[in-house]
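Below is one structure, written out as structure tokens, with a few remarks after it.
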């Protein structure tokens, strides 16, 4: 600590045919080398073009670079074999203690030369010599990756005192490189969605108030026999839908997701899930998902009992296995592909076993406990009685076609989150830290409001056109935003990423499919519960003989 090192030799290797091929591939694919010092990741400071004296930080340094010799058109691969480290420290004058606050590197490609015989680390280099105070500041004579050539790896370490306090050492890492765009986009998205929400709320409250007043006045007159609009379907609106079992399962899954995300975001906003605790966010999400199985089982069995179901164990079993089972199958397949590539990014077998243990040992029993508790409670009473014979649904206008209205309904929730989605995708796939959980929590609240309102509005229009099949439609209306999420992920893949290998592309689309599936369950459940409460509210507000 605080002892500078200059031109330290690490080793000398002779490049064989296999090594040259591997190195050239890694340089071509822009692989990066990552290191950690005192839990701080290694960064390369890069000068920003728009602001003088300002930097942004690239995580890890590239294995090498491609370029040409002067006067030659042939592109060669050059390896970064000299690393110039800068370790910044903050000194506490009172206790005379120094703590590391930054870990930076400048990589160089240097064709090292030496005098006499090679003598491991005691060899004197002519290109870089601490005795002659000859240090490397540029890559004028770069080290080419070529079969039969030797590569000498060296490094410098420079210690610099810094004003950055140890408690705020992560601040530089967490600065967004395009913070102005981020601020503008978030505020813009927030204003549009709040404006739409206000409009929707005003229309709904005024229209509903007028409808309910009119219907309640008609009850005292002879015109009561000429019912119109949403009141006309009161005898069918609470009729259980087709495939009601699956609706219960997906509602339970959505509640599980909602609970997990809400608690995770609250913890993240309060600062408990810092990137300095590597893997903390994923661990917290997995554990919360497992424990939220209790809510999943409870909500699915409550709805199942409302639909006059009797086999609560069957619903509990499906809730515990449908979503996690399909996700685990996709994840296992993707992990097998990574294993096949001999990548260190593959999840080890022991971790996979631990995940299965969490699923079967904690999540599944909790789903059953939740289902038992939910089914034991008395069933919810419907505000109106359901007729024995279902009435015929009149022919609908083209714009009330189920597919059209479902696809239209998904646009608004997606519009509320797509800007934040861009930053999340960038952090996942372009090696940047994501740490604006305050914004994310705000967008999450906007998403909840938007999903609820768009589902209620389209449900209201559907009931007004005497179509009472609202159960599944309310789930799919806001849930269809997952389609737009996946389409946007595809657009992002072709416009922002340069993935050429088949396995990497399969991994990207596999993980984005899992994310879209989860988003479908989350948004669909929010829309469903909004319509569920809305229909119960309006039908309990009118007098029905």
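Quick reminder: no glycine exception, Cβ is built from N, Cα and C everywhere.
Record note: among 132-165, 506-539, 506-539 is the stretch given as transmembrane segment by TrEMBL. TrEMBL assigns the feature transmembrane segment to one of the listed ranges (91-113, 183-205), namely 183-205.
The transmembrane segment (506-539) and the transmembrane segment (435-463) are in contact, since at least 3 Cβ pairs between them lie under 8 Å (pairs 6 or more apart in sequence).
Taking pairs at least six residues apart, the transmembrane segment (475-494) and the transmembrane segment (396-429) share three or more Cβ pairs below 8 Å and count as touching. Proximity of distant same-chain residues to the transmembrane segment (279-298), defined by a Cβ-Cβ separation under 8 Å and at least 6 residues beyond the stretch ends, is recorded for 252-253, 255-257, 259-260, 263-264, 267-268, 272-273, 316, 319-320, 355, 358-359, 362-374. Beyond the ends of the transmembrane segment (352-375), by six or more residues, the same chain brings 252, 286-287, 289-291, 293-302, 304-305, 312-313, 315-316, 319-321, 324, 328, 332, 335 to within a C-beta distance below 8 angstroms of the stretch.
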